[in-house]
Amino acid sequence: MSVTPVVSEVDSPNQKITIPPLLGASVTELTAWVQQQGQPGYRGKQLHDWIYNKGVRSLADISVFPKQWRAEVAEIPIGRSTIHYRSVAPDGTVKYLLKLSDGFIIETVGIPTEKRLTVCISTQVGCPMACDFCATGKGGYKRNLAHHEIIDQVLTVQEDFQQRVSHIVFMGMGEPLLNTDNVLAAIKSLNQDVGIGQRNMTVSTVGIRDRIRQFAQNKLQVTLAVSLHASNQTLREKLIPSAHPYKIEDLLTECREYVEITGRRVSFEYILLAGVNNLPEHASELAKRLRGFQSHVNLIPYNPISEVDYKRPNRDQIQAFVKVLKQHHIAVSVRYSRGLEADAACGQLRADKQ
Ligand code: SAH
């Protein structure tokens, strides 16, 4: 980003100045900004450290800055959200509802495991894709998140856990590839300013025509996860109405291009809905479709949401599906959602608590 976009205005003693939320700016950009404010350049590095490492929420709290200047810039937004609601599941997963500066609420999840702290982040307020099994989709779409609102989620979890975030999954509310520019800016800053490796980031998309191909041109090292969820077009359209004009073959062609362009494999997410898409014939159809593809299938047993009455398959049914894929030499794993005890499926928390 540049340091000069007009995002909001504050009154300074002398004149009206235009200012950005500072979160998302690089050390170079912050240095230019402090100089523009009449401060020595080294304060840019200090500001960078306070924003990204110390997680400061107000410029007034940066104790290494001169008192008078702190007072002058106290109202300039850094771009942090506030925690509106927080719930901890017995397995240690923490779900947050974060309040944005305009009052909208988004969901973020912190998922601790022995060696990792993963954050599941949102990219939009709501989602326009309206997938039939998804609580977020049922709530409609409000707006894209700005890049600082994406980065903020990671800093919030880091601060709350008092632990460095190691992994990021773009699997919260929203469709990342409908907000590509801000997602790209956030990835860049999370990588360079927050210090998280691109290989530890996964961007999940339901697939929007041409967007995977465009995304690939950035040659990032992030993992692309594609929400396939069905082994054929008819079934996919039933679950994902937005898939209607975008045939599964075209989606897979773009995924193959992604592998060619980036050299990274794609992972396919496949929600398991009992009696709908989890039968052995679906597994073999899926396997045939993915034959020879450098990919990995992530099976996600359905997390019940209140608006629809799909059922999660039992363990035997899940294992039967896994077995067929393995027989066809497809790399597969089952992803059981964490933190279900506290607040049901993703997206459900916001619906319940807002
Ligand atoms: N829009 C993006 C990212 C957000 S959803 C996408 O579609 O990939 C992240 C993942 O959670 C997707 O694979 C989505 O299909 C899945 N998901 C949504 N609702 C779910 C539910 N009730 N149970 C299990 N997985 C769900």
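Heads up, the Cβ atoms here are built off N, Cα and C, so glycines get one too.
According to TrEMBL:
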ACT_SITE  GLU107  active site, proton acceptor
DOMAIN    113-341  domain 'Radical SAM core'
BINDING   CYS127, CYS131, CYS134  [4Fe-4S] cluster binding site
BINDING   GLY174, GLU175, SER204, SER227, LEU228, HIS229, ASN303  S-adenosyl-L-methionine binding site
ACT_SITE  CYS346  active site, S-methylcysteine intermediate
Request  = Could you list, ordered by sequence, which of these recorded positions: GLU107, LEU228, ASN303, have a Cβ under 6 Å from ligand 1?
outcome  = ASN303
Note = Whole-Å Cα distance, LEU228 (S-adenosyl-L-methionine binding site) to CYS134 ([4Fe-4S] cluster binding site), is 14
Message = Which one is it, among the recorded positions GLU107, CYS127, CYS131, CYS134, that lies nearest to GLU175 (S-adenosyl-L-methionine binding site) by Cα separation?
response = CYS127
Message = In whole Å, how far does the CA atom of GLY174 (S-adenosyl-L-methionine binding site) lie from that of CYS127 ([4Fe-4S] cluster binding site)?
response = 4
Key: Distance from CYS131 ([4Fe-4S] cluster binding site) back to HIS229 (S-adenosyl-L-methionine binding site), taken between C-alpha atoms, in Å   = 10
Inquiry  = Around the C-beta of ASN303 (S-adenosyl-L-methionine binding site), how many further C-beta atoms are within 10 angstroms, looking at every protein chain?
reply    = 19
Task = Tally every other Cβ atom lying within 10 Å of the Cβ atom of LEU228 (S-adenosyl-L-methionine binding site).
result = 28
Ask   = When the Cα-Cα distance from CYS131 ([4Fe-4S] cluster binding site) is computed for each of the recorded positions GLU107, SER204, SER227, ASN303, which gives the smallest value?
value = SER227
Ask   = Of CYS127, CYS131, CYS134, the binding-site residues given in the record, which has the fewest other CB atoms within 10 A of its CB?
value = CYS131
Cβ neighbours within the same chain of SER204 (S-adenosyl-L-methionine binding site) - under 8 Å, at least six residues apart = VAL169, PHE170, MET171, PRO176, ALA225, VAL226, SER227, GLU269
Request  = Sorry to bug you, but what's the C-alpha spacing from CYS127 ([4Fe-4S] cluster binding site) to the residue listed as 'active site, proton acceptor', rounded to the closest Å?
outcome  = 12
Request  = Across all the protein chains here, work out how many other Cβ atoms are within 10 Å of the Cβ of GLU175 (S-adenosyl-L-methionine binding site).
outcome  = 27
Remark   = The correct three-state DSSP answer for CYS131 ([4Fe-4S] cluster binding site) is coil
Inquiry  = To the nearest Å, how far is the Cα of CYS127 ([4Fe-4S] cluster binding site) from the Cα of ASN303 (S-adenosyl-L-methionine binding site)?
reply    = 18
Remark   = Quick note, ASN303 (S-adenosyl-L-methionine binding site) and CYS134 ([4Fe-4S] cluster binding site): C-alpha atoms separated, nearest Å, by 9
